[in-house]
Amino acid sequence: MSDLKLSVGALLVSGWMSFMSFGLVLAFGWQYFLQFYNDRVLYKTIVTTCLLLCLGDTIVSGLWCYRWSSTYFGDDSALLATPQEAIATLWFFPTATFLVQIWFASRIWMISMRKNVLLPALIALLASASWAIALWMFSKLIKHHSTLVDDSKLVFPVGYAWLGGDIVADMCIFGGLAYYTEIRSRKQRKHHILSPKSLWVVTCRMIECNVLPLLCQIVLVILFKTNVGSYYILSDMTIAKVYTFSLLVSLNARTPIVEAISHAAVTGQQRSDPITFTRSTINATAVQTRRTCCP
């Protein structure tokens, strides 16, 4: 009974979390398209692609849960074989991970005023290498397709490099965004104002800095290396949605900044009340725009 809870039970819990996380991502995706329907075509293409990947990942996860909990329930030979749905997930969530990491790398490059090239290049290199390893694992499992134990031995000596590359890339993204959006801007501020909303603001900033995917990758490694059965699937089934959620939070957070800059640039009117910006580099750009448009 305990083995059943650690296998089928873990899969069902992971499946429910997959559906819940996909619902959350859909809500934020809907908010993005409502607020930024005139956004860049590239950004909308990335968001649409990630949402479609999350949809495919959720459908595959649901099929996996259904077959293990009903069709194959009690059939030991079927449960020991590597599920086709598990192989399919190796295409969906690594591709979503790759797209989001590349987007964050370009964001670091832009907010550094295109001066920092090494860090975005390192992130892009690690993301590309991890994605290539995931595609190699995907092709190997399609051709081999044996038992879970045999297939794990086949791909996971190389699979550790895949996990390690993604974790290092996420650490670089978090460090770079935290530096440019928080640490450097705090040095330029003379006063730090504390408010009851400070904890919520810090939490939102952490999400914008890609902290959730980093934590999800670390949890995946911990669950995989500890004796908790198949609960490591929880990270596998939700990681595409976590990356897409982080992307959408970062895109949706641009609203007050974009409105303020566009108001100053388009109307050409001076405002009596000061505009507060949360990003040092964007602040400098906005002030320059206001001085140009409002002499």
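Cβ atoms here come from the backbone N, Cα and C positions, even for glycine.
According to TrEMBL, the feature transmembrane segment maps to 6-29, 41-66, 86-105, 117-139, 159-180, 200-224. The domain 'DUF6534' annotation in TrEMBL covers 167-255.
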Two-stretch contact, the transmembrane segment (159-180) and the transmembrane segment (6-29), at least three Cβ pairs under 8 Å: no
Go through the chain and flag residues at least 6 beyond the ends of the transmembrane segment (86-105) whose CB is under 8 A from any CB in it; none is fine as an answer. 46, 49-50, 53-54, 56-57, 60-61, 64, 119-121, 123-124, 126-128, 130-131, 134-135, 137-138, 141-142, 145, 162, 166, 169-170, 173, 177, 210, 213, 236-237, 239-240, 243-244, 246-247, 250
Best-contacting stretch, by C-beta pairs under 8 Å, relative to the transmembrane segment (41-66) and drawn from 6-29, 117-139, 200-224: 6-29
Are there residues at least six beyond either end of the transmembrane segment (6-29) with Cβ under 8 Å to its Cβ atoms? List them, or say none. 47, 51, 54-55, 57-58, 61-62, 64-65, 68-69, 73, 79, 228-231, 233-234, 236-238, 241-242, 244-245, 248-249, 252
Report the mean pLDDT of the predicted model across the domain 'DUF6534' (167-255), rounded to a whole number. 79
